[in-house]
Amino acid sequence: MYSPTPGRFLLRMRTPVSEEFAGGYPSDEEWHGYISNSDRVLLKTINFASPNSAGAVCIDPACTWVEQWVHRAGPREKIYFKPEEVKAAIVTCGGLCPGLNDVIRQVVITLEIYGVKSIVGIPFGYRGFSDSDLSEMPLSRKVVQNIHLSGGSLLGVSRGGPSVSDIVDRMQEKGINMLFVLGGNGTHAGANAIHEECRNRKLKVAVVGVPKTIDNDILLMDKTFGFDTAVEEAQRAINSAYIEAHSAYHGVGIVKLMGRDSGFIAMHASLASGQIDICLIPEVPFELHGPHGVLTHLKYLIETKGSAVVCVAEGAGQNLLQKTNAKDASGNIVLGDIGVHIQQETKKYFREIGVHADVKYIDPTYMIRACRANASDGILCAVLGQNAVHGAFAGYSGITVGICNNHYVYFPIPEVIAYPRPVDPNSRMWHRCLTSTGQPDFI
Ligand SMILES: Nc1ncnc2c1ncn2[C@@H]1O[C@H](COP(=O)(O)OP(=O)(O)OP(=O)(O)O)[C@@H](O)[C@H]1O
Ligand SMILES: O=P(O)(O)OC[C@H]1O[C@](O)(CO)[C@@H](O)[C@@H]1O
Ligand SMILES: [Mg+2]
């Protein structure tokens, strides 16, 4: 629809003062290092022999192999925006996540290398588009240079906010033609709706997402940024629970970790720690009471090894709690507190059977996400932030960046948010977790 111009993202640079290469390297070099629009990354890499193989996802009983590809991310030789005509905006929505500042920083730095002069941050999520007392924040390399050294978001975050049509109205008023949206499932649903609305209004706007969630619940990706850091932070809580339980007579440690719909944090934190005896996640139903229940197994553990540690994801066992019907500003269901419930039921159970138990409960809540990204997330954020900008200049909109089979790719947003990505109870990783904890089925 729009005619492309040669890319201005210089893969090799000289200091501008060097007269010889004042305009960068000569463009007729054979090596250029750009990504071809035809480069593809394989979505699924395992050819499953049958649906019975662990973690198999098959389209038919014969598990016929179908190649599925996604576009490779990175800088293109031809770009679809003139940098001097770009006004880029960045917005961070939903809950906090380690690495938000790292991504903001890389988006700004990369935009500047393309030659974009007008870069702003929208304060406090989508809300920043509508609240008249919130003004956009000018961003530059100088402003963002050190922001990755602390957690949180330089721009602030929020849930809820204005309608999509109001957001696009404000974007038109402000002349924003590139929007970088950092958020989870909800934020991406919003980003895709903004993209559609811009298309309906025939606006030349690129809307590009960067999936942000410690829960790791975005489909098709190896992992989302912040997840590794959250798992690492969770180790402190688990280790404390272990030490408390291990040092007490008949000690029981219980740790609740975030994970609204998916148990990835609980599963990985349990596996990483090697200190968990029982891991409970939303995807795997369990009973507390009865001969196969969690409490019977806790009694067995107390009798056989003297102490036990339980790790439970916040979304687990919601069927055991009373529903409240309450919702947050974004429409997410407010969950019942499964951690407190297990703590109370454990105390009651051991009291009733006349066995001493010293129950200690730890809920690190926001401590696992209100922290600075670790080194591995720092790198992931850097690559995703840079690729988001390359994607916008390549002329994509309604896409999000991600890592797939260790390669960086662009996904169409609807494909990755169709539903929250769950832990597959038939996957090798869940089986590995069960091998590590040694827990039985609780149903
Ligand atoms: N279906 C939707 N359409 C348009 N906007 C949405 C939709 N769902 C959520 N949003 C908006 O996206 C923003 C963030 O949503 P939400 O609070 O669910 O966080 P999230 O992006 O899912 O991140 P987290 O992983 O922290 O929950 C909110 O401002 C909300 O109004
Ligand atoms: O209290 P807040 O900010 O709504 O965030 C809590 C939610 O954020 C998440 O970590 C997702 O980012 C969920 O696991 C959790 O339910
Ligand atoms: Mg969400």
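Keep in mind that glycine also has a Cβ here, set from the backbone N, Cα and C atoms.
Because the structure is a prediction, the values reported are computed rather than measured.
Together with T213, I214, D215, M258, G259, R260, Y366, M367, I368, R369, TrEMBL lists one candidate of E136, E314, E415 for binding substrate, that being E314. Record note: TrEMBL gives R159, G160, G184, N185, G186, T187 as ATP-binding, and the candidate from G74, G95, G253, G263 in that site is G95. Rounded to a whole number, the C-alpha distance linking G95 (ATP binding site) with T213 (substrate binding site) is 8 angstrom. Distance between Cα atoms for R369 (substrate binding site) and D215 (active site, proton acceptor): 10 Å, as a whole number. Proximity of the binding-site residues (T213, G259, E314, M367, R369) to ligand 1: a Cβ under 6 Å from the molecule is found for T213. Taking the C-alpha positions, the distance from G160 (ATP binding site) to T213 (substrate binding site) comes to 17 Å. Confidence over the domain 'Phosphofructokinase' (88-390), given as mean pLDDT on the 0 to 100 scale, stands at 97.
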